[in-house]
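Annotated transmembrane segment per TrEMBL: 84-111, 117-134, 165-192, 241-261, 273-294, 329-349, 361-378, 398-418, 425-441, 456-487, 545-567, in sequence order. Residues or ranges marked as domain 'STAS' in TrEMBL: 505-658.
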Amino acid sequence: VKTKERQTKYILTFVFISDEGEYDTFILISLFFLSRCSSEKAKSVVFGFLPILTWLPSYPLKQYLFGDIVSGISTGVMQLPQGLAYAMLAAVPPVFGLYSSFYPVLLYTFFGTSKHISIGTFAVISLMIGGVAVREAPDSMFAVNGTNASQVVDFEARDARRVEVVVALTTLVGIIQFVLGLLRFGFLAIYLTEPLVRGFTTAAAVHVSVSQIKYLLGVHTARFNGPLSVVYSLDAVFRNIASTNVVTLIIGLVCTVFLYFIKDLNERFKKKLPIPIPGEIIVIVSTGISYGMVMSENYGVEVVGNIPTGLLPPKIPDFSVFPNLFPDAFAISVVGFSIAISLAKTFALKHGYSVDGNQELIALGLCNFVSSFFHTFAVTASMSRSLVQESTGGHTEIAGLLASLLVLLVVVAIGFVFQPLPTTVLAAIIMVNLLGMFRQMKDIPALWRTSKIELAIWLVSFFASVLLGLDYGLVVAMGFAILTVIYRTQCPKNALLGQIPDTGLYFDAEECSGIKIFQSNTSIYFANSDLYVSALKAKVRPNKVIIHIIKLYIIFCVLWFCPGVFIEHTLCRETPISSRRLDVELGVTREVVPGVKKQKDHVYTNGQMTENHAESESEDDFFLQRMTPIHTIVLDFTPVNFIDSVGAKTIKSVSQHLLFLKKALKDRIVKSGLIH
């Protein structure tokens, strides 16, 4: 059925024939929706939900395939050790980092809109997940011999429970992201301003670095979570520093120096190198050395341990822990999405394509939700891997697909090879990859020169996250960022504009003669309407010294021309104090001059004074000549986004206030007997 008329006839005829109660109603509703949904709309919905259908049929094999293969292999080689390392941050066994480097990456190929970001494990998200896992399943819950200082922990039971908590948390994160995407909440990331995110991620880098010190030194300490966890972790490390394993420390330092050298070499010669040098080759070398020298047994070096071969069967998450995990899940959802969308938009702008924020939310939600049934933890885009994927020639999501297949090969076939890998090597990989985050410290002098408010947001986000923990720190940072918006409306930039000669432009320059053009770069609402009026008076009010000189001049003129009248009325009449105060505030003063006519008057037009000749004027206009140069006040509302009812009443009261001053002053002079 192609035409609307045929659709209508078809529905009516069908309903008339099938008179079967509820079943008939169901058919009617179904056909109604089918009639409203054309094939083009259905196609657009399907293509929007599965972006791979838009580019895969026209994929240019000759131009893109080689670059995607090289990029996929390079990214996969980098993703393997990072998956193992970030699993340590998430407080789960390393193999679960490999699972998290396969399933979500595979799913993002079908649902994602960015061609260059690398989805998978990420330090900040892994650390937030690890904090939740440690809180919900601490070591004290699995003590075998009591709770004294010599307790023995059942690590197998502890790790199993932490995996359950992490998987449930990942499921909840996926649900939240998917629902937000369906509700078109892709704009949510704009409330996490860039200084806030950069300060937060820098603080996360501090947390990650502190948590890896014990692996570099080979000491055993408890993992802390919550406010001042950084301080407690450093205190625990220094208290046990005497038990440092020297061999572990040497391996960690050598790997750190080597990885830093390779990273610096790649950055210096990135234009000359066809592909970055894979520094992660140190993993293979150190694994071989550790296996050959049996470091775990001979020198007490801690290694990765058991990595089961193959994939685990799917399992339903433990939904009973959802109520305790919801606040953490929401924070992880927002932070993960903001990191992913910021990277996606950066690459999209560079390569000339667009990304859909709502679809990215849906894609991340599906990646986390579906993958959680296969024992993964929450993922997002990785900055370091995304840069590698883009710089090595990756053009489409095929590169990510190939990287995930490389991880699958390791998990299924050769995962056991990495069992002798020292954990200090993984700690070195993590800390070297955090260098990019620590370079964000350079934002401080830049923000000092450009915006003190954004600098305050950066610093509050950083120190709150370091001292209070990432969860509370994020809440404090977002609250402070919202307060800065209120502060901007309370303390706006106020200026009196002037016309640039020979143009129609008005700036904060030399003012127009006789005209006060007042501009305040804020909206006018209940919270700042009084401040707006105060700023207007402060800008428009003449200098008080000039006011007093003008008033003395008026007294002198009146005494000279009409001394009797002046003395009589100054002694006998009652002048409202409020009127005198308002006169002084706005500087509205008048002069009495002799004569009954004048031949020409000065008229101000757009800041320019012209001469207007008149044969006669009224007596009021003659006697009420302006002593101050202000005859017009213009309120420039160009920067004003909105005005509420309180603001509108305030502006109206200012206008009525000025009219009252003019009338009050005129009445006072009329009562004085100087004019009739």
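Each Cβ is built from the backbone N, Cα and C atoms, and glycine gets one as well.
Note: the stretches the transmembrane segment (117-134) and the transmembrane segment (456-487) are in contact (3+ CB pairs below 8 A, sequence gap of 6 or more).
Within the chain, the transmembrane segment (361-378) has long-range Cβ neighbours (under 8 A, six or more residues past its boundaries) at 49, 87, 90, 92, 96-97, 99-100, 103-104, 107-108, 111-113, 119, 121, 125-126, 129, 163, 166-171, 173-182, 185-186, 311-312, 314-317, 332, 336-337, 340. With Cβ pairs under 8 Å as the measure, the transmembrane segment (273-294) is packed most heavily against 241-261, out of 84-111, 241-261, 329-349, 398-418, 456-487. Residues 81-82, 84-86, 88-89, 94, 123, 198-199, 201-202, 204-205, 208-209, 212, 215-216, 251-252, 255-256, 259-260, 263, 279-280, 282-283, 286, 304, 383-384 of the same chain lie 6+ residues outside the transmembrane segment (425-441) yet bring a C-beta within less than 8 angstroms of a C-beta in it. The listed stretches are 84-111, 241-261, 456-487; of these, 456-487 has the most Cβ pairs under 8 Å to the transmembrane segment (329-349). Against the transmembrane segment (84-111), stretch 398-418 has more CB pairs under 8 A than any other of 241-261, 398-418, 456-487. Confidence for the domain 'STAS' (505-658), expressed as mean pLDDT, is 58.
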